[in-house]
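J.: What TrEMBL records for 6-121 is domain 'Tetrahydrofolate dehydrogenase/cyclohydrolase catalytic'. The domain 'Tetrahydrofolate dehydrogenase/cyclohydrolase NAD(P)-binding' feature in TrEMBL is assigned to 140-280. The feature NADP(+) binding site is assigned by TrEMBL to 166, 167, 168, 232.
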Ligand SMILES: Nc1nc2c(c(=O)[nH]1)N[C@@H](CN(C=O)c1ccc(C(=O)N[C@@H](CCC(=O)O)C(=O)O)cc1)CN2
Ligand SMILES: [Mg+2]
């Protein structure tokens, strides 16, 4: 079997265009443009690319971009003070802090300072708790973007054996919760998992987000499985490569995401989707 490609670039473009249309409709009715603040501390080269792409996506969708790039020497207190200011600003609907942050910054304290109703990354313990108790509000962009892609396959998730490889707060854990909420039978694997090949080999759906190039071997994949590769690894030759051995896996899978052009673009489109939700839909019950 040769897999069909889940084209994240195309699905993300379709989503961004529908968001842009909705923004113009709302603005024509006298509502505000969604405002997004991306805070970046320091000069991590990969983060610079992602933040630039987020700003570009904001502009194209008709959002107000109020992003702030701060020097690596910025203190924890200065970042917290900026978040307090943005929390109080009615033109700002979404706030995120680009990760990773420099070593002297404590990301947990920063994430908890963002008002849960402006937490468009869905990383605040309030939003993680809502997802875990089946009352989702704002969901992390990468896993939620994967759910949008999975819907495009038309394959029902209910009852599927889903194996998530990687247990990070950004990808693996919220991915597990999203799939569980759709009634998949979910296994989550991590660095202490014994016999990863066996776990992956019985999966109808495998989602991999570990950041190790080609870590999941193509011949582990069960015939006809759906393979979602969240890894984006830059190789010595400058090329990007995923966490799954793509060329072999694509001969076994029914659907597969490429890298680049798979999950990555969905992360940014979903960030816009979350911000628009805050601007026009969310009825925030928290002070
Ligand atoms: N605050 C956050 N920090 C980070 C997140 C996040 O969701 N919130 N996720 C990642 C980085 N990320 C978004 O921030 C991200 C990663 C990759 C892409 C993307 O479009 N990738 C392209 C390739 C781009 C390239 O040339 O490097 C692709 O896969 O096709 C978008 C966003 C960690 N930090
Ligand atoms: Mg740190």
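Just so it is clear, glycine is given a Cβ too, placed from its N, Cα and C backbone atoms.
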J.: List the helix, strand and coil residue totals of the domain 'Tetrahydrofolate dehydrogenase/cyclohydrolase NAD(P)-binding' (140-280) as derived from DSSP.
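T.: Final tally across the stretch: 54 helix, 26 strand, 61 coil.
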J.: Please check the binding-site residues 167, 168, 232 against ligand 1 and give me the ones with CB under 6 A, sequence order.
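T.: Cβ < 6 Å from ligand 1, in sequence order: 232.
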J.: Record lists 166, 167, 168, 232 as binding NADP(+); longest Cα-Cα distance in Å?
T.: 16
J.: Taking only same-chain residues 6+ apart in sequence, whose CB is under 8 Å from that of residue 167 (NADP(+) binding site), what do you get?
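T.: Spatial neighbours, sequence-distant, of residue 167 (NADP(+) binding site): 173, 176, 188, 189, 190.
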J.: Between 0 and 100, where does the mean pLDDT of the domain 'Tetrahydrofolate dehydrogenase/cyclohydrolase catalytic' (6-121) sit?
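T.: Result for the domain 'Tetrahydrofolate dehydrogenase/cyclohydrolase catalytic' (6-121): average pLDDT 98.
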J.: How do the residues of the domain 'Tetrahydrofolate dehydrogenase/cyclohydrolase catalytic' (6-121) split into helix, strand and coil according to DSSP?
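T.: Going by DSSP assignments, the domain 'Tetrahydrofolate dehydrogenase/cyclohydrolase catalytic' (6-121) contains 59 helix, 16 strand, 41 coil.
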J.: Given a separation of at least six residues and a C-beta threshold under 8 Å, show me what packs close to residue 168 (NADP(+) binding site) in the same chain.
T.: 209
J.: 166, 232: which of these binding-site residues has the highest Cβ count within 10 Å of its own Cβ?
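T.: Max Cβ neighbours within 10 Å, all protein chains included: 166.
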